[in-house]
Amino acid sequence: MLALGKLLELTLTDHEPAEKTQVTPKGARLRWLGEGALEVRPAESEDCGLDLLLSAGIHGNETAPIELLERLLHGVANGKIKPRARLLFLFGNPVAIRKGERFIEQDINRLFNGRHELSSGFEALRAAELEQFARVFFSKPGRSRLHYDLHTAIRGSKIEQFALYPYKEGRKHSRRELARLAAAGMEAVLLQSKSSITFSAFTYEQLDAEAFTLELGKARPFGQNEQVNLDKLEERLIRIIEATEPEGESSLDGLQLFSVSREIIKHSDSFHLHLPADIENFSELSKGYLLAEDLAEMRWVVEEEGARIIFPNPKVRNGLRAGILIVPDSGQRLG
């Protein structure tokens, strides 16, 4: 096993490798770019023209995706996986990963698209660094660009594995990419309708990548992810890396589509979310339900048919999103 193939071990021990570049038995070149960052370049004759960014550990306690990326990187490093795509592996928040905590000072996934410039602390600096890694990686013209930012959730979910598809004005969501997600085991996709401050939103909006946040189950410590089944995703990622995906896939069978109806923004310390603390993502809410209250008699009442809630979190900082109200989407606007 090449030393650079052990990116997780290097990250957990806060160790900088002496050898920054190594070549795999299949001729792929591994290059250490910085803490938690490794580029893989296929042999030039094998390059399929895809740049694939795989990120995990934006939240340090979300270990199943980190373990998945480590398995993929091991496969590349020992020659079992023969990459034809150019790859960038990123572990988002190394300090939080080492401590097994979601974040240390602030949520990195609320610091992209320039938001880090309005903040301070090492996590704001890390968000800027991650943006720069992605910007350089996706700077080569004439290549396809794909980014999967892998997460697990802090709560249970009625739909365990789902994706969030960022928004950019004038750009349609891709049916082909949705079919790829369905083949990777995603059960639902949330089609977003406004700009966001997450990592995948940055690469989608600013770098013209097809980009997704993938939610893959419940967050658990390292070595305790037996209940998080990522087999279909892992198989699909290997196919993407090796350029062996079936041609012409377009089926969205079994994939539920949702769109954002409203975001619930916490404006003050008086904010109160009228939901059980253990409510699951994608729980249905009936029309007329009083969802939340805040200062100045601000009230959120459910008005939509088929409404569901995801990411309810009344503990976020003032000014941030405390939940998303979503509704079923017909998919008629797909490109």
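Placed from the backbone N, Cα and C atoms, the Cβ positions cover glycine too.
From the candidate list His116, His147, His151, the residue Swiss-Prot records in the Zn(2+) site shared with His59, Glu62 is His151. Note: the Cα of His151 (Zn(2+) binding site) and the Cα of Glu215 (active site) are spaced 5 Å from each other. Within its own chain, Glu215 (active site) has His151, Thr152, Ala153, Ser157, Gln161, Phe162, Ala163, Leu164, Asn281 as residues 6 or more apart in sequence whose C-beta sits under 8 angstroms from its own. Other Cβ atoms within 10 Å of the Cβ of His151 (Zn(2+) binding site), summed over all protein chains shown, number 25. The DSSP secondary structure for Glu62 (Zn(2+) binding site) is coil.
Close to the recorded Zn(2+) site, the chain also has Ala56, Gly57, Ile58, Gly60, Asn61, Pro65, Arg102, Asn109, Leu150, Thr152, Ala153, Ala219: residues not among His59, Glu62, His151 whose Cβ is within 8 Å of the site's Cβ mean position.
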